[in-house]
């Protein structure tokens with residue numbers, strides 16, 4: 001370092017020493033002088049407009065009791081006064097309980113309050129621009145020295161959001177400005193963030209003074225936007241979070257152009273709309289400009305747009321507007337409600353006509369649209385078609401419509417009417433709304449008629465029993481009846497044995513045939529305005545049946561004889577009611593000891609419990625309502641000797657037939673219950689039945705059995721046997737024989753087929769061993785059948801090598 005450098009260093013060190021010595025002297029001097037201090041101690045207090053402010057002036061003196069006239073002066077050098085008492089509201093009561101805060105009272109913008117420690121506070125409740133300037137705190141000390149200090153108050157406008165809603169809703173497809181208006185002094189700078197990422201001006205977004213412009217708003221523009229304001233001069237930074245949710249205008253997606261409702265019935269219609277938020281839907285009746293949600297009988301669901309009407313009236317007809325509204329906009333669409341008036345038949349009268357002449361039945365009805373009217377004969381669903389009927393050209397249906405008046409009529413016109421046209425007819429009035437019904441009657445008048453009595457048998461009486469001769473005349477109007485005998489009216493004969501009951505249309509003649517001449521022909525005469533009819537009724541004397549023509553033995557066993565009886569001729573109206581037989585052993589000459597048996601004409605004529613190898617005499621008679629006829633057809637017949645029982649008859653009906661013989665089908669795959677009737681024992685009681693069943697197959701008309709698979713069982717004291725452990729879908733030949741001490745009967749034979757196997761024929765608790773055995777049996781049967789078929793084919797080929805032989809099988 002040179003000499004010049006050393007001189008400069010020494011000068012600097014001296015200067016520093018001199019400054020520190022001066023400061024030390026001043027601090028030592030100040031510490032002992034009375035003064036005023038303002039807290040906070042900054043010489044300039046810079047606060048935002050509108051904020052509150054407290055400045056405290058505190059004396060720093062050796063003896064605080066010597067301080068007097070401590071006060072504050074404003075920027076205009078006016079003394080600032082303390083807050084008047086009327087603005088003082090204590091925080092606590094005398095018991096130390098906190099009092100409720102008092103609000104709504106005006107306070108002075110600026111005042112002073114004395115604080116503990118002999119301090120005086122300047123209270124500014126809301127700083128304004130006018131309050132900027134220098135404020136002084138003054139006091140006197142020991143009545144000789146004036147103390148004074150000051151502070152500079154400056155204001156600025158803090159960042160304030162003037163129009164920046166936290167939730168904003170742009171409309172889909174439109175241009176929208178996300179509003180963010182801010183006030184500050186100095187002016188702030190604004191930038192934007194979306195979902196934390198900074199937004200820059202471009203084709204989609206434009207940062208403007210009053211907000212962020214978004215072009216062609218889409219649903220993807222939903223999100224959290226941040227409006228950020230900064231004042232460089234003050235270092236103030238403030239963010240405003242704005243939630244942007246894109247709304248879409250309502251669009252009505254469904255509303256028919258026309259609606260149809262039926263008078264008196266409930267009705268519902270939908271008006272659906274889309275939009276965000278979900279639109280609220282209302283219905284307006286255009287004629288009255290009325291919101292139907294407030295009308296009786298109407299109900300509207302504003303969320304779904306469902307309009308319901310409890311019971312539709314004709315007044316509900318008209319044009320309605322569906323309005324869909326949300327925060328994004330409003331849209332409307334019109335529809336027309338047509339009210340269908342249900343048909344109502346107001347006129348239909350019963351009509352009367354005369355047979356072979358024209359008759360017309362008319363029905364009139366109201367409704368909208370004018371109903372179509374048809375008819376149908378009571379008891380049938382077939383309606384008459386408009387115009388001439390295809391199956392009966394006598395009948396024509398005429399229809400007339402008046403749409404303006406909502407009326408229609410239908411006339412069923414019948415030419416050359418017949419008795420079959422008489423009866424109830426139903427009128428049907430039908431339109432889109434409903435169908436109405438009304439019933440009327442067509443009466444066809446005709447002269448008396450006895451056709452229904454033409455084939456009636458004579459009336460019989462015997463032993464002077466009273467006979468009832470009934471006469472019923474068909475006719476409209478009802479006919480009157482007169483009885484005649486031998487050409488004379490009964491009423492003129494005055495015979496107490498002839499009594500007429502009723503004069504029509506039914507009348508009975510009670511005849512007491514005390515003498516044979518009463519068995520005669522009586523005439524019933526019916527009369528009405530259209531004609532007269534007569535009917536002869538014969539009263540005949542009844543007798544017991546004549547001798548039986550023949551009784552031929554049809555079937556003989558050791559203990560029974562079945563006869564074929566040919567009865568005597570019977571008169572119409574007096575049938576044979578029974579056949580009787582008397583029989584005795586031929587060695588017995590006394591018929592008074594004979595046995596009797598009676599059969600109804602429909603039953604088999606079997607005499608049972610006879611003795612074998614015995615000759616019997618038989619005689620037969622017929623019975624009717626009068627009594628038993630004479631015995632005839634004396635017949636002697638011997639019973640054969642004792643023998644084996646007759647063949648039993650299985651009680652099963654074939655339900656499947658092949659080309660050779662009937663087949664009985666079991667409802668089960670593994671068992672079958674065989675049932676039979678008890679046959680004649682031929683003189684010795686049956687002691688058991690033998691049941692034999694074998695699986696097999698029929699080939700080329702010949703039955704082949706698996707003898708080693710046959711099962712034979714004796715059944716005692718029963719006429720049923722259950723065959724078990726059978727194979728499914730298999731044919732079995734069953735033979736049944738009855739046995740007594742003499743021997744076996746001839747066998748009764750049937751073919752039975754089981755149904756297909758159940759895939760799981762045994763339950764969980766069943767025996768797997770049983771199932772395996774059952775399956776092995778079936779496989780053995782199938783393999784044996786295949787072997788038989790193969791052998792027969794080989795034999796056939798060896799004998800006739802040039803011929804193909806088709807074999808018929810019964811399915812396995």
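Counting starts with 1 at the first residue shown.
Glycine is treated like the rest: Cβ placed from N, Cα and C.
The signal peptide feature in TrEMBL is assigned to 1-30.
If you look up TrEMBL, you'll see 34-154 (among others) marked as domain 'Ig-like'.
The domain 'Ig-like' annotation in TrEMBL covers 173-243 (among others).
Confidence in the domain 'Ig-like' (250-338), given as mean pLDDT, stands at 94. Marked as domain 'Ig-like' by TrEMBL: 250-338 (among others).
Among the features that TrEMBL reports, domain 'Ig-like' is placed at 343-443 (among others).
What TrEMBL lists as domain 'Ig-like' is 448-540 (among others).
Look at TrEMBL and you will find 544-642 (among others) tagged as domain 'Fibronectin type-III'.
Summarising the annotation, TrEMBL assigns region 'Disordered' to 638-660.
Secondary structure counts, DSSP: the domain 'Fibronectin type-III' (654-758) has 3 helix, 55 strand, 47 coil. TrEMBL lists 654-758 (among others) with the feature domain 'Fibronectin type-III'.
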DSSP-derived helix, strand and coil totals, residue by residue, for the domain 'Fibronectin type-III' (544-642):
3 helix, 46 strand, 50 coil
Could you count the residues of the domain 'Ig-like' (34-154) that DSSP puts in helix, in strand and in coil?
9 helix, 61 strand, 51 coil
What is the number of residues in the domain 'Ig-like' (173-243) that are helix, strand and coil, as DSSP sees it?
3 helix, 42 strand, 26 coil
What are the DSSP helix, strand and coil residue counts for the domain 'Ig-like' (448-540)?
10 helix, 50 strand, 33 coil
Per DSSP, what is the helix/strand/coil residue tally across the domain 'Ig-like' (343-443)?
3 helix, 61 strand, 37 coil
Under the DSSP assignment, what numbers of helix, strand and coil residues are found in the domain 'Ig-like' (250-338)?
6 helix, 53 strand, 30 coil
